[in-house]
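*Asks:* Pasting a structure here, questions to come.
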Amino acid sequence: MSHMELALDPGDHDLLGFLLEESGGLGAAPDEALTSPPDWELPLSESLSDWDVEDFLSCLPSPPAVLNVFSNSDPCLVQHDHTYSLSQEHVSIDLDNESYEKERAQMTPLRVEEPADQEIARLILTEEEKRLLEKEGLTLPGMLPLTKMEEQVLKRVRRKIRNKKSAQESRRKKKVYVGGLESRVLKYTAQNLELQNKVQLLEEQNLSLLDQLRRLQAMVIQTANKASSSSTCVLVLLFSFCLLLVPAMYSSDTRGSLPAEHRVLSRQLRALPSEDPPQLEPPALQSEVPKDSLNPELQAASNSCCLFHLMPQAPRAEPPLQLPLPDGFSGCSCPDSISPLHANLTREEGWLPTPSPTSVILQGRYSG
């Protein structure tokens with residue numbers, strides 16, 4: 001039987017009894033301790049100090065469980081009117097084996113729960129971390145806590161894994177970006193080729209339009225030359241027609257408006273019927289001179305010639321003067337019907353009038 005000595009104040013006996021009652025079948029020990037003779041009390045010199053008592057209480061296995069019970073119990077059980085304080089006196093308490101075994105029986109459930117806490121604190125590593133640790137030739141325990149070296153190794157491995165993941169992510173983003181750029185380059189290259197084809201087609205159309213424009217200009221120039229040549233031809237024809245028409249119109253106008261001094265006096269001889277029937281008029285006198293004579297000088301010459309032969313002459317007179325006539329009138333002679341009259345006059349040896357004189361009328365006529 002083990003004896004524990006405690007220095008207690010008389011007011012602390014109630015507290016100790018309460019603690020023993022709450023702890024189970026430990027109530028007999030305080031009774032025995034109280035009923036024990038007072039010879040077990042030690043002198044003050046041999047009593048423990050306050051610090052020793054605290055160390056002793058902290059070494060006891062039961063106080064944590066007892067304190068947990070008090071903390072989890074109803075607060076009404078803790079509230080008392082008593083005030084407890086440790087005194088300077090120390091008492092010794094003897095605890096038998098039965099009470100100690102009961103305390104151990106109550107503490108066993110708490111000791112069973114400790115392995116569960118250790119399982120929760122087990123170190124869990126990923127496959128990547130295990131592979132890197134194996135690659136570096138390091139091993140970590142499967143349970144916590146770890147030493148500082150092991151923690152540094154674990155941090156270094158996890159840092160490498162994070163850097164690797166970030167590098168992979170950056171490479172993935174870069175690959176996506178480069179792929180987007182390549183797709184854009186291919187797209188813009190296709191568009192550039194299409195635009196080049198369009199530009200080439202437009203250049204060909206421009207050249208064809210320029211060729212058509214040159215042809216149209218040549219056609220316009222040709223039509224302008226043809227129009228100018230046709231207009232010149234028309235103008236030449238009109239001018240020639242005017243040149244041909246104006247003189248004819250001028251000649252007809254001038255013929256109608258000749259002055260009177262240029263008119264030729266034409267005379268026509270007409271013989272009246274005589275009383276002598278055998279005497280006939282010369283046929284030349286019976287025939288009238290045509291009115292519309294184109295040459296009035298010729299007509300005047302013929303008339304004068306006829307008059308010259310018909311004029312009576314005085315006897316023993318000189319022969320008449322013969323005037324020179326133009327070449328056109330050199331062959332002109334009076335008609336043959338006048339020759340008998342002239343012969344008759346000469347036969348009578350003188351220009352004597354016949355018994356039946358013939359009257360001659362001179363009639364003036366304008367011919368223009």
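Our numbering is plain: 1 for the first residue shown, then up by one each step along the chain.
Using the three backbone atoms N, Cα and C, a Cβ is placed for every residue, glycine included.
Since this is a predicted model, take the numbers as computed values, not measurements.
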*Asks:* Swiss-Prot tags one of 57-61, 122-126, 142-146, 207-211 as motif 'LXXLL motif 2' - which one?
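*Replies:* In Swiss-Prot, residues 57-61 carry the label motif 'LXXLL motif 2'.
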*Asks:* For the set ASN206, ASN344, say which residue Swiss-Prot annotates with N-linked glycosylation site.
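*Replies:* With Swiss-Prot as the source, N-linked glycosylation site is noted for ASN344.
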*Asks:* What range among 45-48, 81-84, 285-288, 365-368 does Swiss-Prot describe as motif 'HCFC1-binding-motif (HBM)'?
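*Replies:* Matching range for motif 'HCFC1-binding-motif (HBM)': 81-84.
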*Asks:* On average, what pLDDT score does this prediction assign to the topological domain 'Cytoplasmic' (1-229)?
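*Replies:* In the predicted model, the topological domain 'Cytoplasmic' (1-229) has a mean pLDDT of 68.
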*Asks:* Using DSSP, tally how many residues of the region 'Leucine-zipper' (186-193) sit in helix, strand and coil.
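*Replies:* Going through the region 'Leucine-zipper' (186-193) residue by residue, I get 8 helix, 0 strand, 0 coil.
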